[in-house]
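Annotated domain 'Acetyl-coenzyme A synthetase N-terminal' per TrEMBL: 21-78, in sequence order. Per TrEMBL, domain 'AMP-dependent synthetase/ligase' is recorded for 80-462. Taken from TrEMBL, the feature CoA binding site applies to 188, 189, 190, 191, 306, 330, 518, 579. The ATP binding site annotation in TrEMBL covers 382, 383, 384, 406, 407, 408, 409, 410, 411, 495, 510, 521. The annotation domain 'AMP-binding enzyme C-terminal' is assigned in TrEMBL to 526-604. Per TrEMBL, Mg(2+) binding site is recorded for 532, 534, 537. According to TrEMBL, the N6-acetyllysine annotation covers 604.
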Ligand code: PRX
């Protein structure tokens, strides 16, 4: 079933239409140099570039460089350049955990806060190229902190406030941050999150950290270590309101963001200055067809890439008004999003399928008691949206009058790659539809054979786009190995994908050992290594399982050490253990004690079989005869949990 394209509302005469999209796509592929030279004009350059695209995915001359000899500053693009025309326009609407707890910040105020913050960082010794770790709630100061880093050329690494002290410590160590910025506490769903206390635990393992800069959010009591810890409000007293922006090379690092992969520890995805900014500026404007004066609300946390690109950089680079939401969709009740939409007058809402499914379950009345008249456009991101949730979002939330843009992208891609344009694309519920200009998807089979026409296989991208990640922090070899060796000469996304007869793309989910829990990436290897770190555990294997609200849940098979007895108490203790080791999002939904794991004779765990058991697809276990001990499968099937 498909929905024909929504007509552009009167008053938006210059929206991209179907012909405009087709023409832009054609040009972007036929003449990438010319196309991307023009698109870079969305951004203000300090030193104009002469080179545009300099990329190759081939091993022999592997390189990804865009606008390499140009210079610019991201904070200037996001703030200063708007001062002449919109200094008194609201840049950020902060909405707290409690409804109505709001604060607005104009571009002029944001400029002052960002400059002062940058001067504080300088006073703490932060210099161009230094890494600064942010572990913060969704407060306006978090955006000021990000921009302050970009002002002076420091590289921020934001760690989601839901991660444990251990996870935070690993990320601080990996990029050698000397400074950590946090708040006393966060507030989420009426609960306090002990951010500063978590930082204290993490920093105990990070001797390289010289200062912890603390923002007062709740006024909760926190310990301050003399000489190391500094209150932001104290430090601000002695700084200037102005801070000159550092001219940065287009290929200078902008930020690091850790994300989970198939193997090992999370990787530090590195994005650079010029290409990333061009990409998020363009995609924000075009995918959301943003208009001056509109209020844009992306519900993501800045701890994830969606928060980087579509709460902060994309909107601010366009001079938009962006909402920063420090709460959750079901607090104080299931009508929170719609109550907030009405109260603030939100025009564009961008959220995740997991939130949509969770709210859908609670019944339409939570939505329909609010008018939602201000809404013009709805967006979805983070995981495949099932058609039922898509239809509910479109019909109930959007009253069938708002287009839904289902946007496919990844931390690695910097911004949206496959998505409808709201007034140019016929929509199909569950499909991210067509690639944006400059994006060249290809579907291949397991052997790398290119599949044409209507087909299903693994999703690759055959050419670079400006917003592409440039490396894994400190591990360029891992970058190449992870993304460019499975199918030589191509970027492999890790996603499965179907293409229909109309050339529409339908992302089917990860085909690697990454689980997408509520739109958040979790590596099975990370959860496994947390489990085996427990004294009772000998071995663990983790796979994804279907979950009605989260999309995927985490199913863990655990083999205990000799002498340990399975029990409900131990199961609860192990779930709690993982929660504390990594963070609540990694908590196994199901945990099965297994006398043994299915292994090949060479000792490799056959995850295919475990996945089928977790999915309760017992008829499809396939050939088990190559297992060292096929009888373990029967025991696993008999003891399946959930
Ligand atoms: O599997 C895809 C899924 O999320 C993965 C990327 O996760 P992350 O890097 O955390 O970024 C999430 C926000 C961009 C992808 O490999 N994914 C993301 N958006 C969609 C999606 N799957 C289907 N449809 C989407 N719209």
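Residue numbers in this text run from 1 along the chain shown.
The backbone N, Cα and C atoms fix where each Cβ goes, glycine too.
This view paints the features noted in TrEMBL onto the structure.
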residue : record              : Cβ contacts under 8 Å, 6 or more apart
189     : CoA binding site    : 97, 327, 328, 330, 331
190     : CoA binding site    : 97, 331, 332
306     : CoA binding site    : 298, 300, 350, 381, 382
384     : ATP binding site    : 353, 430, 506, 507, 508, 509, 551
411     : ATP binding site    : 257, 259, 269, 304, 305, 469, 521
532     : Mg(2+) binding site : 538, 539, 540
534     : Mg(2+) binding site : 574, 577
579     : CoA binding site    : 164, 586, 587
604     : N6-acetyllysine     : none
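Taking the C-alpha atom of residue 537 (Mg(2+) binding site) as reference, the shortest distance to any of the binding-site residues 188, 191, 510 belongs to 510. Same-chain residues that are not part of 532, 534, 537 yet have a Cβ within 8 Å of the Cβ center of the Mg(2+) site turn out to be 530, 531, 533, 535, 536, 538, 539, 540, 558, 574, 577. In this structure the C-alpha atoms belonging to residue 409 (ATP binding site) and residue 191 (CoA binding site) are separated by 31 Å. For the domain 'AMP-binding enzyme C-terminal' (526-604), the DSSP-based tally of helix, strand and coil residues reads 24 helix, 27 strand, 28 coil. Proximity of the recorded positions (189, 306, 532, 534, 537, 604) to ligand 1: a Cβ under 6 Å from the molecule is found for 306. Mapped onto DSSP classes, the domain 'Acetyl-coenzyme A synthetase N-terminal' (21-78) shows 26 helix, 11 strand, 21 coil. Note on the domain 'Acetyl-coenzyme A synthetase N-terminal' (21-78): its mean pLDDT in the predicted model is 98. In this structure the residues listed as binding CoA are 188, 189, 190, 191, 306, 330, 518, 579; their two most distant Cα atoms lie 24 Å apart. Taking the Cβ of residue 188 (CoA binding site) as reference, residues of its chain lying under 8 Å away and at least six apart in sequence are, in sequence order, 97, 137, 326, 327, 328, 331. With respect to Cβ neighbours within 10 Å, the binding-site residues 330, 407, 518 differ, and 330 shows the lowest count. In sequence order, 494, 495, 496, 516, 544 are the residues of the chain that are 6 or more apart from residue 510 (ATP binding site) and have a CB within less than 8 Å of its CB. Under the three-state DSSP scheme, residue 411 (ATP binding site) falls in the helix class. Set side by side, the binding-site residues 191, 382, 409, 537 differ in how many other CB atoms lie within 10 angstroms of their CB, and the most is found at 409.
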